[in-house]
Amino acid sequence: MSAARENVSLPFKLYCLTVMTLVVATYTVALRYTRTVQTELYFSTTAVCITEVIKLFLSVGILAQESGSLSRLIASLKENVFGSPKELLKLSVPSLVYALQNNMAFVALSNLDAAVYQVTYQLKIPCTALCTVLMLKRSLSKLQWFSVFMLCGGVTLVQWEPAQATKVQVEQNPWLGFGAIAVAVLCSGFAGVYFEKVLKSSDISLWVRNIQMYLSGIAVTLFGVYVSDGAQVLEKGFFYGYTHYVWFVILLASVGGLYTSVVVKYTDNIMKGFSAAAAIVLSTVASVILFGLQLTTTFLVGATLVCISIYFYGFPRQDTTRIQPAETKSPKERLDSV
């Protein structure tokens with residue numbers, strides 16, 4: 001992976017960074033818009049289900065390109081997907097957790113401003129760090145632990161005196177929104193680390209694993225539609241309330257999830273930290289313009305701390321247990337350097 005990063009030009013890395021930032025920020029703001037402005041509210045459970053279907057087709061397309069021929073694609077699907085029920089069952093765990101996480105995002109953005117959501121959702125970093133320590137037996141550097149506590153402090157400030165949106169007239173429940181984010185970050189941390197552990201346990205392609213997960217995800221999300229909105233969906237239709245904006249949100253969610261793997265492959269943690277911080281800034285600016293968000297001092301200070309902590313957390317770890325030998329110079333070299 002490091003070799004791949006070295007062979008990629010800086011303009012391409014900046015392109016990846018820019019696209020990732022725009023996708024994350026636009027998705028959050030657009031989802032918030034569809035949940036607070038539209039009069040006929042769509043069923044969020046159906047949107048999550050359609051997202052899984054689109055991700056499945058995109059993953060099959062990428063695997064087809066990776067395989068090189070239709071016969072190899074079919075053979076790979078037969079061997080690793082349809083012929084491996086145990087693997088499908090294994091990937092049903094993150095499918096279930098991710099489905100819950102995605103539904104919680106809709107609940108959160110129905111009750112919280114996009115900027116407040118974007119900042120608070122960064123709690124997924126300490127949650128992921130904790131799951132990494134417990135499940136993958138890794139350790140964090142002192143700077144990473146410091147950044148985790150700084151991030152938690154920043155989020156606390158943001159929630160201490162939440163910024164209010166003056167242009168949003170729908171009824172909202174901030175506590176429900178905060179609770180939904182709490183569930184979402186827990187799901188994000190566990191599912192991400194679990195999926196990483198599954199990926200590294202074998203040499204199976206990332207896109208094969210994605211297909212396995214999305215097949216399970218479709219079944220899980222369809223069950224969620226039936227349980228949560230079954231009667232209303234039968235009465236009003238699966239695509240009730242869908243507009244061009246809703247399809248845009250679904251497209252962003254579908255492409256954004258797959259694009260993350262490209263960003264992880266060709267960029268580093270510091271660039272991803274910049275991307276997350278820039279997404280917070282863009283979401284805040286968009287919320288002020290679109291939703292009349294009134295910024296408070298505690299929000300600004302807290303958001304700044306969160307951005308700084310993300311940057312610190314992405315610093316590469318250095319081995320400080322060994323003393324690097326000092327560079328020795330010959331007497332002639334020392335005289336030449338004077």
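Glycine residues also receive a Cβ, built from the backbone N, Cα and C atoms like all the rest.
Caution: TrEMBL annotation is automatic and unverified by curators.
What TrEMBL lists as transmembrane segment is 12-30 (among others).
Residues 34-35, 70, 73, 76-77, 99, 102-103, 106-107, 110, 205, 207-208, 210-211, 214-215, 217-218, 221-222, 224-225, 228-229, 232-233, 238-243, 246, 249-251, 253-255, 257-258 of the same chain lie 6 or more positions beyond the ends of the transmembrane segment (42-64) yet place their CB under 8 Å from a CB of it. Residues or ranges marked as transmembrane segment by TrEMBL: 42-64 (among others).
What TrEMBL records for 143-160 (among others) is transmembrane segment.
Annotated transmembrane segment per TrEMBL: 175-195 (among others), in sequence order. Sequence-distant neighbours of the transmembrane segment (175-195) (same chain, 6+ residues past either end, Cβ-Cβ under 8 Å): 93-94, 97-98, 100-101, 104-105, 107-112, 117, 120-121, 123-124, 127-132, 135-136, 159, 209, 213.
Under the heading transmembrane segment, TrEMBL lists 207-227 (among others).
Outside the transmembrane segment (239-262) by six or more residues, the chain places 16, 19-20, 23-24, 26-27, 30-31, 33-34, 38, 40-43, 46-47, 50-51, 54-55, 58-59, 62, 102, 206, 210, 232-233 with a CB less than 8 A from a CB of the stretch. The transmembrane segment annotation in TrEMBL covers 239-262 (among others).
Note on the transmembrane segment (274-293): residues 17, 20-22, 24-25, 28-29, 32-33, 36, 113-115, 117-119, 122, 163-168, 263, 303, 306-307, 310-311 of its chain, located 6 or more positions outside it, place their CB under 8 angstroms from a CB of the stretch. Annotated transmembrane segment per TrEMBL: 274-293 (among others), in sequence order.
Taken from TrEMBL, the feature transmembrane segment covers 299-315 (among others).
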